[in-house]
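S.K.: As listed in TrEMBL for this protein:
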TRANSMEM  32-53  transmembrane segment
TRANSMEM  117-134  transmembrane segment
DOMAIN    182-261  domain 'Cytochrome c'
REGION    261-282  region 'Disordered'
COMPBIAS  271-282  compositional bias 'Basic and acidic residues'
Amino acid sequence: MSSPAMAQETANASPVTEVASAATNYGGLEKMVFFSLVGVIAVELVTIFYFIYNLRLLIQKEKVSTAADASPETTKIPRVSLWSKLNNFKPAEQEADITLHHEYDGIRELDNRLPPWWLYGFYLCIVFAAIYLWRYHVSHSAPSSKEEYEIAVTKAAADKEAYLAKTASKVDENSVVMLDAGGIAAGQAAFLTNCAACHGRQGEGGVGPNLTDEYWLHGGKINDVFKTIKYGVPEKGMRAWNEDMSPVQLAQLSSYIKSLAGTKPPNAKEQQGELYKEPDPQ
C-alpha cells in the first residue's frame with residue numbers, strides 16, 4: 001500500500017479515535033482517574049470541615065470554661081453538639097459503665113457503640129451491592145463494562161461513517177489523497193468510460209499522453225492529477241470534468257491514474273513532460 005493510502009487510513013481513523021475517546025473521558029481524563037480524583041477531593045473536604053468543626057467546639061468550650069471561672073455562681077448546661085448526637089457519644093460521667101477493664105499504658109478500652117451514621121452507611125452498602133449484583137450479573141438489565149465498551153465502539157463506527165459521508169464531498173485539489181483499493185476500482189470504471197478513448201484502456205496513451213510512466217505534462221502529484229482532471233486543459237483538447245463528476249469521483253479517478261505508474265502496457269506512447277518521482281515515505 002502506498003504512503004498516501006496509509007495517510008488516508010490514518011486520517012479516517014482519527015475521527016473514530018476522537019469520538020471513542022470523547023465518549024469515555026471527563027475533561028480529558030479517563031473515567032477511573034476522574035472519579036478517583038473526585039473521591040480524594042471529597043475526602044479532603046470532609047476532613048477539613050471535620051477539623052474546622054472540632055476547632056470551633058474547642059473554642060466554644062474554652063469560652064464556657066472562662067466564663068464559669070469568672071462567675072462561679074452561674075452554672076451553664078453545655079449544649080450537646082450535632083456531631084455528638086450523630087455519633088451517640090456517652091458522656092464522660094458514664095465511662096465507668098462501658099469500660100472493658102482492659103488497660104494498657106494508661107489507656108482504657110471502652111465498649112462504645114459504632115456511630116449510627118456509620119452503621120446505616122454500612123447497611124446501605126449491603127443494599128447497593130445486592131442491587132448491583134442483580135442488575136449487572138443476574139438480570140443483565142444494564143450493560144456491563146465490556147458491553148459499554150462494545151456499545152461505544154459501535155457508536156464510534158457509526159459516527160465515523162456519518163463524518164466521512166459529510167466530509168467526502170468536500171475533497172478538492174488541496175486535500176485529495178490516495179484512496180484504498182475500493183476507491184481505485186471505482187476510479188477504473190470511470191476511466192474506462194470517460195478517459196480510455198484518449199489515453200488508452202491501459203493508460204498507454206493515444207491522442208492523450210501516456211499515464212503509466214514517470215513523466216507528466218502538468219505535474220505528477222495526485223493533487224496535480226486531480227486539478228488537471230477537474231479543470232481540464234482546453235488548449236490541448238482536454239475538457240474539464242468538474243461539472244460531470246463529483247469531488248469523490250474525481251478523487252477515485254485520480255487515484256486510479258496514479259496506480260497505473262510502472263505497469264508498462266504494450267504500445268506505450270513516448271515520454272512527455274517532466275520527470276516526477278514520488279517522495280520516499282517518512
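Heads up, the Cβ atoms here are built off N, Cα and C, so glycines get one too.
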S.K.: Report, as numbers and ranges, which residues of the same chain sit near the region 'Disordered' (261-282): CB under 8 Å and 6 or more residues beyond its ends.
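M.R.: For the region 'Disordered' (261-282), the sequence-distant neighbours (Cβ-Cβ under 8 Å, at least 6 residues beyond its ends) are 2-3, 6, 200, 202-206, 209-210, 212-221.
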S.K.: Express the predicted model's confidence over the domain 'Cytochrome c' (182-261) as a mean pLDDT, rounded to an integer.
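M.R.: Mean pLDDT, the domain 'Cytochrome c' (182-261): 94.
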S.K.: Just to be sure I understand, if DSSP states are collapsed into helix, strand and coil, how many residues of the region 'Disordered' (261-282) fall in each?
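M.R.: Secondary-structure composition of the region 'Disordered' (261-282): 0 helix, 2 strand, 20 coil.
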